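My questions all concern the structure below.
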Amino acid sequence: QVRRDPRFDDLSGEYKPEIFMKTYSFLDSIKKQEKEMVQKQLKKCRNTEQKEKLQQLLNRMTQQEQALKNQQKLRERELAFKRRRRELAKQGKKPFFLKKSEKRKLELAEKYTELKKSGKLESFLNKKRKRNAIKDKRHLPSQKNL
């Protein structure tokens with residue numbers, strides 16, 4: 001009997017994230033229930049060691065959720081751009097493809113507009129300024145060398 005790994009076998013079909021997300025969407029509700037359960041346990045817990053572990057688990061769950069949302073946003077943005085490109089091609093215009101740098105600029109612009117809507121733009125810019133100031137200070141020659 002020959003064993004096969006479905007990840008690398010053509011018989012299993014092609015990986016399509018949209019179909020995968022629709023098929024396994026029930027996992028989102030299960031993850032949500034688990035997160036709520038961990039939050040309840042965290043409130044009840046008295047042991048500091050156990051509480052710390054639960055907090056780490058909750059943080060990891062939140063980060064995974066956020067990463068999934070970001071991936072979904074990115075996928076939707078790509079699909080919207082593809083649709084726009086198809087429409088232009090139907091109208092007889094020559095299709096164009098964005099460079100990575102241009103995509104990055106668009107993402108950054110979108111991030112700034114989101115931050116502006118939520119009112120967190122100023123704090124984000126302050127943090128960025130501090131980070132850049134530290135980097136600049138690191139690259140300047142120190143007083144010892146003079």
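Don't overthink the numbers, they just go from 1 along the chain as shown.
The backbone N, Cα and C atoms fix where each Cβ goes, glycine too.
Keep in mind that what you see is a predicted model, and the values were worked out from it rather than measured.
Quick paste of what TrEMBL says about this protein:
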| type | residues | note |
| --- | --- | --- |
| COILED | 31-74 | coiled coil |
| REGION | 123-146 | region 'Disordered' |
| COMPBIAS | 126-146 | compositional bias 'Basic residues' |
Report, as numbers and ranges, every residue of the chain located at least six residues beyond the region 'Disordered' (123-146) whose Cβ falls under 8 Å of a Cβ in that stretch; write 'none' if there are none.
115
Counting each residue once, how many in the region 'Disordered' (123-146) are helix, strand and coil under DSSP?
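Final tally across the stretch: 20 helix, 0 strand, 4 coil.
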